[in-house]
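Q: The following feature annotations were taken from TrEMBL:
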type	residues	note
TRANSMEM	59-79	transmembrane segment
TRANSMEM	88-105	transmembrane segment
TRANSMEM	111-129	transmembrane segment
TRANSMEM	150-173	transmembrane segment
TRANSMEM	231-250	transmembrane segment
TRANSMEM	256-273	transmembrane segment
TRANSMEM	294-323	transmembrane segment
TRANSMEM	380-397	transmembrane segment
TRANSMEM	462-479	transmembrane segment
TRANSMEM	491-511	transmembrane segment
TRANSMEM	532-553	transmembrane segment
TRANSMEM	573-591	transmembrane segment
Amino acid sequence: MEQDLNLEQIQNFKGKYPKQLWYLFFSEMWERFCFYGMRGMLVVFMVNQLAMNERVANLQYGATQAFVYAFTFVGGMFADKILGYRKSLFWGGLLMIVGSVILSIDPKNFFFFGISFTIIGTGFFKPNISTMVGQLYKEGDQRVDAGFSLFYAGVNLGALIGGYICIAVANGTLWTSVIPASYRWNYAFGFAAVVMIISLLTFTQTQKSMGSIGVSPLRHLENSKRRTLEIVTYVSSLVIIPIIMMMVSNTDYTDVFMFLIGPFALMYLFYEMSSLSNNDESNMFSFNGKISRIYYFLCFSCIALPLFFLRHYFIGNIGFVILTLPLCWLLFSLGAKRCNDLGISRFTVLIPFISFYFFFKKGIDHGENKNLKASEIKKLIAALVFIVFSIFFWAFFEQSGGSLSLFALNNLQNKVLGIELDPNGVNNSANSLFVIIFAALVGLVWLWMAKRKIEPNTVIKFGLAFLFLAGGFWIFYYTKFFADESGRTSLGLFTFGWFIITFGELCLSPIGMSAMTKLSPLKTQAVIMGMWFLASAYGQYFAGLLGANIAEASEHASNIEKLIVYADGYKQLAIYALIAGIILILISPLIKKLMQEVK
């Protein structure tokens with residue numbers, strides 16, 4: 001395809017932002033309107049329209065959102081290997097439109113069918129538009145941070161507008177004079193479809209200005225071969241929709257999926273890391289080399305855990321024993337070899353978590369991976385620590401779409417500073433509003449502290465994120481002391497809780513993404529970023545479990561009793577977040593040592 005501009009012309013733009021960034025800004029803004037509008041409606045729709053109890057609705061929400069974020073990992077891989085970012089983005093947007101239209105026509109009967117389209121569509125759309133933003137800049141261009149800040153503002157602007165409008169229309173608190181009561185949900189889902197069409201039109205009408213950015217990576221192949229691979233990708237993504245529909249509608253299947261995808265993602269990471277070596281001795285089954293052994297020791301350990309849970313679903317106790325025997329043999333073989341390297345008893349391998357000792361203990365390093373240095377491995381361990389803690393952060397934060405949606409529906413008043421607002425709309429959009437207002441300010445604070453050499457390191461910032469999170473959930477708990485006799489409490493105080501939590505997000509989300517790129521070697525950056533997004537999937541999944549646990553305790557309760565149960569649940573989350581924040585701050589010297597020169 002002939003390009004109007006070449007990459008060098010695009011990257012040599014004058015001023016603060018390239019014009020192409022504005023096109024991507026608006027495409028992403030409308031797509032986020034669609035995504036956050038849908039997200040904010042899920043739990044309320046399932047409870048009010050599908051007559052699910054609150055516990056099941058939370059589990060379904062967690063499953064849906066977990067699949068959305070898990071498929072961003074898959075969609076990114078297809079874009080990198082086959083479609084390119086442009087075609088992936090277009091295909092994802094098309095699937096999201098189809099899903100939203102299906103939901104707008106008959107949301108009750110086709111709910112899971114429509115949602116399955118949006119899950120696959122978001123997986124193809126979301127990771128690739130962000131990647132295209134990065135390619136607008138040359139490596140080392142100092143303006144890239146400003147570009148991503150503007151793009152991030154577009155994300156939150158879309159979330160702010162969509163998060164409020166869709167649920168307010170569905171709840172009947174917005175445009176009631178023009179939308180019939182019986183069609184409120186149809187219109188709400190319809191708005192998501194309309195803005196997604198606008199997003200896709202914006203992209204298709206401006207993509208010529210992108211030059212070679214995002215084109216197919218298979219241009220070197222014959223047209224027939226390339227088209228065959230592309231068609232196979234499109235057809236495969238359609239074929240998998242009924243499977244996704246089945247797995248989302250039955251959360252038992254979601255449990256299996258989530259227990260498997262994490263270990264396999266780790267396996268893929270270890271494979272990518274070991275493939276950087278030219279040394280045959282670090283082959284998987286040679287059992288040579290410290291680093292190779294640790295990769296697979298950890299890898300097989302991770303596989304054993306989901307097998308333990310899967311025995312309840314499919315394989316039974318006998319199948320579990322059969323499958324774990326070779327894993328145990330591999331584990332003990334690797335461990336015994338490493339004990340031999342270190343000159344210690346091979347029975348040492350029986351000690352739990354001894355693999356961490358194996359890694360840090362100096363000794364003979366047979367088959368050492370020369371291309372991936374030990375210093376880089378330590379940085380990757382630090383990155384994995386951040387990824388694990390981010391799972392817990394998002395599990396708490398994403399109560400916004402689950403239990404907090406029900407809390408807003410049942411237990412919040414409808415006025416802030418005398419202004420009448422939809423409580424669910426406030427719950428969905430307050431965070432985005434505060435991000436737009438304060439993101440730049442927080443960035444300036446970090447710069448001010450850096451100039452005075454008092455800026456906290458990344459680990460401390462993560463710890464602060466959890467402390468802010470704890471403060472916000474403590475405020476949610478404290479709202480119960482301001483409730484009226486009907487069990488409804490202050491929307492203003494609830495909004496202040498989101499104000500506090502927003503600073504937690506600003507200490508973790510942009511900081512974490514930056515840390516992933518700095519801590520991972522160039523050839524593993526894509527995989528590490530994929531795992532960062534996969535951590536969000538696990539966060540969503542656990543958010544559903546936590547919300548279901550809170551909701552289960554409130555079944556058959558009065559509104560005032562529900563308020564107390566939910567508030568007490570948020571108190572527990574505040575305590576857990578506080579503990580996590582303290583742990584991060586306490587272990588910061590150790591993690592900082594693993595990070596080495598990275599701050």
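Every residue, even glycine, has its Cβ placed from backbone N, Cα and C.
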Q: Under an 8 Å Cβ to Cβ limit, what residues of the same chain, 6 or more beyond the ends of the transmembrane segment (462-479), are close to it?
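A: For the transmembrane segment (462-479), the far contacts come to 386, 389, 392-393, 396-397, 404, 407, 456, 489-490, 493-494, 496-501, 503-505, 507-508, 511-512, 567-568, 570-571, 573-575, 577-578, 580-585, 588.
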Q: If I count Cβ-Cβ pairs under 8 A between the transmembrane segment (573-591) and each of 88-105, 111-129, 380-397, 491-511, 532-553, which range comes out on top?
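A: Counting Cβ pairs under 8 Å, the winner is 380-397.
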Q: Among 59-79, 88-105, 491-511, which stretch has the highest count of C-beta pairs below 8 Å with the transmembrane segment (231-250)?
A: 59-79
Q: Counting Cβ pairs closer than 8 Å, which of 59-79, 88-105, 380-397, 491-511, 532-553 has the most of them with the transmembrane segment (111-129)?
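A: Maximum Cβ contact count belongs to 88-105.
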Q: Residues sitting near the transmembrane segment (532-553): Cβ under 8 Å, six or more positions beyond its termini, same chain?
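A: Here the qualifying positions are 53-63, 65-70, 72-73, 76, 127, 251, 254, 258, 261-262, 265, 387-388, 390-399, 401-403, 406, 512-513, 516, 565-566, 569, 573.
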